[in-house]
Amino acid sequence: MNQEQSRVSLKAPLLNQNEEDTIKLVNKSRRNRAGIISQLLFTWVYGTIDIASKVTLENDMIEDLRFQDTSEQLYYRFLKQFEKRKSKKNGLLYSLIGVSLRQCMFVFIVMLFNVGTSLLNPLLIKWIIEYLMKEEKETQEGIILIFSIIGIRIISVICQQHSFYQIRLVGYDWMGILSMALLGKSMNVSYQSNKEHTSGQILNYMQVDTMKLQWFGWYLSQIMLMPLQIGISIYMMFKFIGIAFLGGLGVIILTAIFNIYVGKIIMDYQIMMMKNKDMRTNCANEIFQQIKFIKVNAYEEYFRSKLTKLRNQEIKTIKTRFFAACLTILSLWLSPMLILNATFLIYVAIGNDLTPANTFAIISLFQSLQGPLLFLPMAINALIETNISFKRIQRFLLTNELMNDCITNSSQSNLDLLQKKGLTVNDSTTQISSQVMRTEIDNDFAIKIENGTFYWSSYKDQPQQQHNTLTNKNQKVDPLVESEPILKNINIRIEKGQFVSIVGDVGSGKSSLIQAMLGEMIYKEDKPRIQINGSFAYVSQKAWIQNATVKENILFGLPFDQTKYDEAIKFSCLKEDIKILVKRDQTMIGEKGVNLSGGQKARVSLARAIYSNCDIYLLDDPISAVDVHVAKFIIYECLNGYLKEKTRILVTHALNCCQYTDYVYLMENGTIAEQGTFTDIKQNQQFKNIYQKFYKDTKNDEESQEQLNDVEQVPILELILEKKQSSQKDTLAIPQNKDEIDELMLLEDRNKGSISFEILATYIRMTGGVLFAIFMIFMLLLWDACYIGSSLWMAHWTQQASEDLINGEDTNNYFYLTIFSVLSLSYGILAFLRQWVFVIVSCNQANNIHNKMVSCLMYAPQCQFFERVPLGRIMNRLTKDQNVLDSELHWTFNWMLVQVFLLLANTFLNIYTSSPWVAIPMVIYFFLCCKTYIIYMTASRELFRLEAISKSPILSYFSESIMGITTIRAFQRQSQIMNKHGNNQDINRKIFLEQIAANAWFGLILGLSSFMVNTTAIAFCMFYSTNNPAFAGLLMTYASTLDQNINGTVQCLGQVENGLISFERCVAYTKVKPEKGYEAAVKRYQNNQNYRDQYIPQWPKNGIIEYKNYSVQYREGLPLALKKMSIIINPREKIGIVGRTGAGKSTITLTILRILEAINGQLLIDGHDISTISLKQLRESITMIMQDPTLFSGTIRDNIDPLNLRTDEEVLQAINKCCLTELIESRKGLETHINDHGDNLSAGEKQLVCIARAVLKKSPIVLIDEATANIDIDTEHKIQDTIQNAFADCTVITIAHRINTILHCDKILVLDKGEVKEFGLTKELLNQTNSLFNGIYQEALKEQNH
């Protein structure tokens, strides 16, 4: 593809043509169809408000977006802008402005009008006071003045609401664009080879950093207009009071210097706060992704403490940062008073006397200036935070992408379409062109690699903290060390239609070779050459399953074809599994496939690959996750049958599979040690040694047993869906909540109606209680007293000065100034103290809520909660909602209290300085406000909750896509994923648009209806003037701000209620019921108390396990997973469990660990019913090696000994026993860094680390769930020897797909559909020709000897 084609291709939309046509049907939204008046007054949104006030609002009741307003179109416009500006310092900001340039210009012009109207108010007040002081008044002049004030106010209200609306709309558009950009960039970044950004950080960028853009435009425009506003105000001050304005100007300059200094402090702590937030978010994300591992090992307390420690660091930084923010509050309230005091001091010092006209014109002028000055610190803080977020996001958008320019592909793949749609934002034009360019190459081969030397990283692992924030200039950074290559001098040629197997030891580079073919790895100086002739289908070693139906997972965005679909189901052995499901293939699969067994996930992944009908199939060891007979079917019927015309590349540890392949590559230490046909490669000594070990145990058993002639007559167990299926049988039980038992995933909790009094009472109780509330009210009353006192004192001063001037007497101005200074400065200091105390208490409350949530979540039940609640929903509470509690709610709540008490003070001043009759229009206005407020808030809270709920799928899908990024790239489904993410955002956007429009409508109603108060007060002043001109001036000054106080109060009430919804959502997660046995612990942890369980001394000692008529189910309403099981496992016995996928094998382990609680019967260990034993002691006393290896980011020592209970020598011994010595010696020893999810280790190495962890723990009872599935035969034999020796005096229960891994067991337990079919000595069952175990064994034996 040439340069011109690349340039033109950027114009292509992100949507497919048919999708585009569908969306274009919405040509105009209700907003665009509305007339000028309707758009001006936002009456077009009243339809939604009216519906929401009558019924519960749902998504489908809100009109869809126009095509040009969709996320995909906004993102497409952004890419064109960013391509031009990405090399600039603030290229990201300029690009976003370029996307919304017309809206930004409109906002700036509207705000310019708003500033102009605010500056006209002081002039009008001065003219009105001068009019009142005339002896002969003309009524016409007075009416003109009245209508001038009303007209200016109308313009101001309309401009203000439209600027609010447009700015929030632009801010949301920018959020959506960056969310799309982050996901789009992720499509071109390998998180395995790019160590600068972790998946947890990307989630934080998307969830937290982009949120800061909502009000960015407002803050920026305010700061841009502030010099103009200050300049005009200074000029007007000069005209009013002459050179005395220099006093106020000096204070303004000093205030600006102070704010800049404080701003720098805030910036430093903001960077630190974001770093701490990243660390906490990463830790929480990692914990709740691996919660099952944490539970089975009773590590809840350790990881809860770890997360709490990170949270404490974060909250400490938050408090310090907000103390600096409170200094801006001090500046916010104190600087206007200092300006007035300095101005009046100089004014009287040069011999002038204050007059009501000049005084109250200046006060009004400062009131108009007070808003921007008060707003300045907040704006500076917000811009600092946003600037940091911009830099973080831009650094990611410009990070290194996949080094796939060494790959050429002769097929016309979807990758052309991908790049045409602009899913990259980095300097990769040449890379794109070279990757997808069509070349004249030999079409006889499928894949050819020449001189392939590949790395996972350019440098050895460095501490990730260096990348979390901007590096301090004085910070010492360890020198970077060149990393060693993972693959060295790879040269292979795979012919079209060839079946190739890749074998080798753990860590030899088998999976890395597959990743290199996919373009996931990097190279250095010597550029390799990879030629691909066809499209890829990829089955990953750890299956990536979407939170969607079975059918949607298999189709993976392709059009439905019944024949192809049936074949994909048949040849992936899913037919019987799907039959049992109540909803068949429409059954929802839980997040990360939690309701599927490992084998089922592998087969769904295989079905996806089969259905894709690609040219080349990359299969990364899917055989290890399935049973022998299933593996046999996949090899015979699928790979060597249905897909025989395709190119198939199989990574495997099952060496017997090699005999069915056309060619074998044997890998060792990242190189191809040997290659050839199976017959040829069997002569290789290394391969021969491994191959002989593979058959060693089998041959020994074979000699002692007669071969059965007709294996087909052996009863074959039915394939059934495993334990955690999401279907159910018909049941008479009716669920009493909205959690329907035939659905797997729980609907997100959504309260209806207004915030309950209970939530408000809970907020008050957790924020200091009643005593603190009384203290806050006292502080506010004292603050009000200073505010009213300073105003009345100023009126008294100016009136006395006027009378003294008339009488020819001198006024003691310094006395009046001193009193005024004390009152006015106390007003600012009290505001600072009130805010600081409130911040401290609120931060403690937010921390308390977080700790309560974490305590409840850590001990929540696995099957009833974690397997039914998406991770994105949990993280939404711990990030977005928690961020509202940390940084927003207390500011909003405090500002609401300020608005309420300002309203009370100004109402008192209006009535006191005029007449009680002014209260009549106020009462009418308050009544109107209340009625409007009820209508508005009904809709607002529904829209807010709907918006919050619609945001969870955005994060969940984003997180899910990041986890499966390699699979998405392999299948080239980037466009599909981007479309889906964009659609999720569009649902949220249409709700948000209605939400902010309703807010603007409400503000307009309040602002326009407030004229009855203004008109009454002004008319009273002008036509029924008071005898005190100073009081008239005071009345005019505060009458013009009264409606703003009312509007601000009601708006703040709405914002507080919306903030309390986040509080309500967090509180809901503090009430999640814990597992049985952890109730007391959670209760004490929530009260910040320590808890110690009552342990049974020296238990368990023998490891006797007895099931008595035991039955269990995963959830109420589901079928029994185990049925009336009665068996006894004697001390130190080794038990092997066999059965087809879904027979209940893994359920056994969950019952012993009490992940599942018994429905009937008892489970005894050493004579004690485990339901009566401390759950923590039970799980601490049992070791489990899980089917899916679980690792956390940190050192290898931290992963093997998480609780740090053993010495380094003991850890090294465990490492040596598990064949990991070479791995740690080649890196940094015990301090070897492990990335998130162990991404820098192979699957086999990860499993070895988990086995080393179990060997080190060595409990009386050991549960092994298919632990050696991803390990090569040679290593498996060593590990089996280690397990047998290390656990010789333990009771061991082993689940394995490979029959030879359990032949050493004393007894075998055969399960079918949750029932015990056979339980006896291994040799006895093998000698019984009609036993089920013998049938399974013979089937495996036949496969191995084939």
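Note that Cβ sites are derived from N, Cα and C of the backbone, with glycine treated the same way.
If you look up TrEMBL, you'll see 106-385, 774-1044 marked as domain 'ABC transmembrane type-1'. Feature annotation from TrEMBL assigns domain 'ABC transporter' to 472-694, 1105-1338. What TrEMBL lists as transmembrane segment is 92-113, 142-159, 216-238, 244-267, 322-350, 362-384, 770-794, 814-833, 893-912, 918-936, 1000-1025.
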*Tell me, please, if the transmembrane segment (893-912) and the transmembrane segment (770-794) are in contact, taking contact as 3+ Cβ pairs under 8 Å between residues separated by 6 or more positions?*
yes
*Using a Cβ-Cβ cut-off of under 8 Å, list the residues of the same chain that are 6+ residues beyond the ends of the transmembrane segment (92-113) and lie near it.*
74, 77-78, 81-82, 84-86, 155, 159, 162-163, 166-167, 169-170, 173-174, 177-178, 217, 221-222, 224-225, 390, 393-394, 397
*By a Cβ-Cβ criterion of under 8 Å, what residues six or more beyond either terminus of the transmembrane segment (918-936) are in contact with it?*
49, 53, 907, 910-911, 998, 1001-1002, 1005-1006, 1009-1010, 1012-1013, 1015-1017, 1020, 1042-1043, 1046, 1050, 1053-1054
*Over the domain 'ABC transporter' (472-694), what is the model's mean pLDDT?*
82
*asked:* Are there residues at least six beyond either end of the transmembrane segment (244-267) with Cβ under 8 Å to its Cβ atoms? List them, or say none.
replied: 230, 234, 237-238, 321, 324-325, 327-328, 331, 335, 338-340, 342-347, 350, 352, 366, 373, 376-377, 380-381, 384, 388
*Do the transmembrane segment (814-833) and the transmembrane segment (322-350) share at least 3 Cβ pairs under 8 Å, sequence separation 6 or more?*
yes
*Sequence-remote contacts (6 or more beyond its ends) of the transmembrane segment (216-238), Cβ cut-off under 8 Å?*
104, 107-108, 111-112, 115, 118-119, 122-123, 163-164, 167-168, 170-171, 174, 245, 248-249, 252, 343, 362, 365-366, 368-369, 372, 375-376, 378-380, 382-383, 386
